[in-house]
Amino acid sequence: MNSSKSPGLAGFGVLKNSTCHTEKKISVFFSIIFMTVGILSNSLAIVILMKAYQRFRQKSKASFLLLASGLVITDLFGHLINGAIAVFVYASDKDWIRFNQSNILCSVFGICMVFFGLCPLFLGSVMAVERCIGVTKPIFHSTKMTSRHVKMMLTMVCLFAVLIALLPILRFRAYQIQASRTWCFYKTEHVEDWEDRFYLLLFSCLGFLALAISFLCNAVTGITLLRVKFKSQQRQGRSHHFEMIIQLLAIMCVSCICWSPFLVTMARIGINEGRSKETCETILFALRMATWNQILDPWVYILLRKAVLKNLYKITSGCCGVHVINLHMWELSSIKNSLKVAAISESPVGSKQMNLQPLSSMGQ
């Protein structure tokens, strides 16, 4: 009987021939620390984002804050659910045969690993696309990118990630207990069937695609903002755009650094049909690197806020002897100009006038 098609026995062959030995105390320590720090960090970031959303009702930033809140909430539940299952497995001495007779826990664990792995990457790419539209097409963004549309995008991203996570279950392919006996994922040992290879390559390709979209959109957004700034032809206030693009660049860098080892490892296993030289310790290291992404994401919003950036700018400017620009006045004028553009664009008469005459007064 093929173990990949028999849910009750999935992964038990790995338990008998496991060659991956992990120190239990160290592994439990890592799991508890990761889960605790992740929950606290994401909870703090959620509070900050919710307060910012309630205080700052500007359309262009409201959509970004909704997407950012969705990303942080996803990271929070990822730490809560996956961390709780991992701690339970360690507490049960990794005796899967005793508490996983029907393979339900392993299936839930595998689904959560795939969903909470891909969903933050997808949301990061959607945030980059949203900011790219907001900077390059501000009129379209202010009139068409409503909160309802953003919530629909969040729902579609989550449903797509759920579909990818449920795909093996729908195809009657059970998730496998990995060699370390601490987590469940796609089959990574002795991969011979094309479908097992497909799942590994699908996960890796979708992850790399999300990172590539984020890189491309952030590059376009950054170049557009720099060109507008250097040419001094601002048609819309841009201070809030710079804050968000800095956050997006930080998220992209963190995602690339944390996820690349795991995505590359899964791709190599899929391409080499499980005959790659990836050891259990290598896979565990890549997995822990990916876990750090969900810990560092919320700190992007905690540390890279406008108030923090303003203080850092003043400190660095004072140390270097550079004249400090009055950012407070720049911020107020930017908000007024942005609201004025949005108000004019929403009226049919105003949109025609904007096409006939340049808003030169808003560039100051």
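Glycine is no exception: its Cβ is also placed from the backbone N, Cα and C atoms.
Caution: TrEMBL annotation is automatic and unverified by curators.
Taken verbatim from TrEMBL:
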DOMAIN    41-301  domain 'G-protein coupled receptors family 1 profile'
TRANSMEM  26-50  transmembrane segment
TRANSMEM  62-90  transmembrane segment
TRANSMEM  102-129  transmembrane segment
TRANSMEM  150-170  transmembrane segment
TRANSMEM  198-226  transmembrane segment
TRANSMEM  246-271  transmembrane segment
Stretch in 26-50, 102-129, 150-170, 246-271 most in contact with the transmembrane segment (198-226), if contact is a CB pair under 8 A: 246-271
Positions whose Cβ lies under 8 angstroms from the transmembrane segment (102-129), at least six residues beyond its ends: 7-11, 64, 67-68, 70-71, 74-75, 77-78, 81-82, 85, 96, 153-154, 157-158, 160-162, 164-166, 168-169, 174-177, 183-186, 203, 206-207, 209-211, 213-214, 216-218, 221, 248, 251-252, 255, 259, 290, 293-294, 297
